[in-house]
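The disulfide bond annotation in Swiss-Prot covers C31-C46, C102-C142. Summarising the annotation, Swiss-Prot assigns signal peptide to 1-23 and lists experimental evidence as the type of evidence.
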Amino acid sequence: MKLSFSLCIFFFNLLLLLQAVISADIVQGTCKKVAQRSPNVNYDFCVKSLGADPKSHTADLQGLGVISANLAIQHGSKIQTFIGRILKSKVDPALKKYLNDCVGLYADAKSSVQEAIADFKSKDYASANVKMSAALDDSVTCEDGFKEKKGIVSPVTKENKDYVQLTAISLAITKLLGA
């Protein structure tokens, strides 16, 4: 009886270990393909971002697309909050204009990504692709706005680059799914 119980515990632990290995493989395998296909995605960033969500450990490729899109929404909201804090301080009027533009662009991006998530879930990957492209473009437009006036430096460059990577991950996944 003692041996049977020990064997059950052993096999249970083995199954847990195998599940962890399999889930790591889908995240790593997907990130490898995504990083190869998209110049906007760093492999390590992809693995760290997707791997941070506990659902990624049991997700399929479609699920990873939804996870990456949700991560983009979360990061976009953080950017809007960060910009809001900057706007509450005394800032140059030109900088303020570009920051306000970014707030609007990230609101548009959030809407696009929410629609893309619905498209992922309904397996309309072509539509998800279009909407993730729009969200990525909104972030690039935000960053490019600061370059319009000499002497203005974007205070959100790193945040924008991370957002571009998150949306590029989702975008690449739509292509892997056949968009």
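Residue numbering: from 1, along the chain as shown.
Glycine is treated like the rest: Cβ placed from N, Cα and C.
Cβ environment of C46 (disulfide bond): T30, C31, V34, A35, Q165, I169 lie under 8 Å away, each six or more residues apart in the same chain. All protein chains considered, the CB of C142 (disulfide bond) has 27 other CB atoms within 10 Å. Sparsest Cβ environment among the disulfide-bonded residues C31, C102 (other Cβ atoms counted within 10 Å): C31. In the three-state DSSP scheme, C46 (disulfide bond) is classed as helix.
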